[in-house]
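**Q** Right, I'll just put the structure down here and ask away after.
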Amino acid sequence: MSETDGEAEETGQTHECRRCGREQGLVGKYDIWLCRQCFREIARSMGFKKYS
């Protein structure tokens with residue numbers, strides 16, 4: 001049984017970027033829910049460190 005967009009919204013399983021609203025390329029680990037572009041912009045201010 002395939003799930004349509006309408007069904008996913010009803011069950012609350014769709015996620016979007018908290019900052020810009022984009023639905024693709026989400027970083028959901030640790031319930032961050034930011035798209036990868038927004039994550040790259042604000043990761044340092046969230047306490048993440050970049051190694052090499």
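FYI, residue positions are counted from 1 along the chain as it appears here.
Just so it is clear, glycine is given a Cβ too, placed from its N, Cα and C backbone atoms.
From Swiss-Prot, for reference:
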BINDING   Cys17, Cys20, Cys35, Cys38  Zn(2+) binding site
**Q** With an 8 Å cut-off on Cβ distance to the Cys17, Cys20, Cys35, Cys38 Cβ center, who else from the chain surrounds the Zn(2+) site?
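**A** The surrounding set, listed in chain order, is Glu16, Arg18, Arg19, Gly21, Arg22, Gly25, Leu26, Leu34, Arg36, Gln37, Phe39.
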**Q** Based on DSSP, name the secondary structure state of Cys20 (Zn(2+) binding site): helix, strand or coil.
**A** coil
**Q** In sequence order, which same-chain residues at least six apart have a C-beta under 8 angstroms from Cys17 (Zn(2+) binding site)?
**A** Glu23, Leu26, Trp33, Leu34, Cys35, Cys38
